[in-house]
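Undergrad: Below, the features straight out of Swiss-Prot:
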- 4-184: region 'Large ATPase domain (RuvB-L)' (REGION)
- I23, R24, G65, K68, T69, T70, E131, D132, Y133, R174, Y184, R221: ATP binding site (BINDING)
- T69: Mg(2+) binding site (BINDING)
- 185-255: region 'Small ATPAse domain (RuvB-S)' (REGION)
- 258-338: region 'Head domain (RuvB-H)' (REGION)
- R294, R313, R318: DNA binding site (BINDING)
Amino acid sequence: MIEADRLMSAAAVTGEEVIDRAIRPKKLEDYIGQPHVLEQMEIFIQAAKMRGDALDHLLISGPPGLGKTTLANIVANEMGVNLRTTSGPVLEKAGDLAAMLTSLEPHDVLFIDEIHRLSPVVEEVLYPAMEDYQLDIMIGEGPAGRSIKIELPPFTLVGATTRAGSLTPPLRDRFGIVQRLEFYQTGDLQHIVSRSAVCLALNITEGGAREIARRARGTPRIANRLLRRVRDFAEVRAAGHITDDVAVSALNMLNVDTEGFDFMDRKLLLAIIDKFVGGPVGLDNLAAAIGEERETIEDVLEPFLIQQGFIQRTPRGRIATVHAYRHFGLEEHGGDPE
């Protein structure tokens, strides 16, 4: 299964950008959740503005869908500067990055999503740019080649990554501010759903927002996607009114259970329980058993299941916890509770 095809995928889906921009908060005061990150960023941004400096380079890590791009937009808005956006895989050559850097105005924000996927040659260009606001460009080749330096205006690089451990130490060390976004609590997600409903002019009750929030896997992107699908259901079956009962019926129809698990989550957990007697099972064997890439399991499926206590990672492999057995009404080792 392609990850982007999953309703419960935290990955961005083509076509959602327009709606996401409409409901995305623009200021720190509108950003819900992540209180420690917000408190720190408010201080860092205010201090930089008071000094008249560019904000220190910022690295934002965390699972997909938690608001890394939103936070980058907010940083630019709060600093009152332009935001230039790109991603690691897009910057194939050093010249691609050089072109973006030389187009920046003083204190602008350059946002690089998936920064862990930068090629080594592009990353080398970043080092002097981040540290000294300079570009080192080679003119010519061989013995006749020479290096010239191009001065850059002070700017802020905001890098986003789902795999902070994959960044090289020289790159990671050049970020003055490092923030990690965590999965959201249900209460914060409920506020996000309610806010998005207002932006989209939807009729939703507090109970309806809470039901969507508690099945959204701690992820705002999923919560907003579920809200749109529940809206469709409500418009056809409930005159557009999203109550808790309507939300429950819609989400059950979409095969999203009370824990926010979809088919792939249940497939992963049941593979560990049934095919590997609860584990431990190695990642490669587990990937083969469910027909998924190991990276998809590590980066997409596992984080939420581990955070919620349904899977444990051990030196010998993955283990299904007692919570996983109880979720499926099983005793440990896959026996029937009756």
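Including glycine, each Cβ sits where the backbone N, Cα and C put it.
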Undergrad: Would you mind splitting the region 'Small ATPAse domain (RuvB-S)' (185-255) into helix, strand and coil residue counts from DSSP?
TA: 51 helix, 4 strand, 16 coil
Undergrad: Does DSSP put R313 (DNA binding site) in a helix, in a strand, or in coil?
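TA: In three-state terms, R313 (DNA binding site) counts as strand.
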Undergrad: For the region 'Large ATPase domain (RuvB-L)' (4-184), what's the model's average pLDDT?
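TA: Mean model confidence (pLDDT) across the region 'Large ATPase domain (RuvB-L)' (4-184) is 90.
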Undergrad: By DSSP, how many residues in the region 'Head domain (RuvB-H)' (258-338) are helix, how many strand, and how many coil?
TA: 44 helix, 9 strand, 28 coil
Undergrad: Sorry to bug you, but what's the C-alpha spacing from E131 (ATP binding site) to R313 (DNA binding site), rounded to the closest Å?
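TA: Rounded to the nearest whole number, the Cα-Cα distance is 38 Å.
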Undergrad: Other than its own, how many Cβ atoms are within 10 Å of the Cβ belonging to T69 (ATP binding site)?
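TA: 20, counting other Cβ atoms within 10 Å of T69 (ATP binding site).
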Undergrad: Return the residue, from the listed binding-site residues R294, R313, R318, with the maximum count of other C-beta atoms within 10 angstroms of its C-beta.
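TA: The most densely surrounded of these binding-site residues is R318.
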Undergrad: What's the CA-CA gap between Y133 (ATP binding site) and R294 (DNA binding site) in angstrom, rounded?
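TA: Pair distance, Cα basis, whole Å: 38 Å.
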Undergrad: How many neighbouring Cβ atoms, not counting its own, are there within 10 Å of the Cβ of I23 (ATP binding site)?
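TA: Neighbour count, Cβ to Cβ under the 10 Å cut-off: 17.
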Undergrad: When you look at R294, R313, R318, which the record names as binding DNA, what is the longest CA to CA distance in angstrom?
TA: 14
Undergrad: May I have the list of same-chain residues other than R294, R313, R318 whose Cβ is within 8 Å of the Cβ centroid of the recorded DNA site, in sequence order?
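TA: Surrounding the site, in chain order, are V281, G282, L283, L286, I297, E298, E302, I311, G317.
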Undergrad: Quick one: pull the CA-CA distance for T69 (ATP binding site) versus R294 (DNA binding site), whole Å only.
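TA: So the alpha carbons of T69 (ATP binding site) and R294 (DNA binding site) sit roughly 25 Å from each other.
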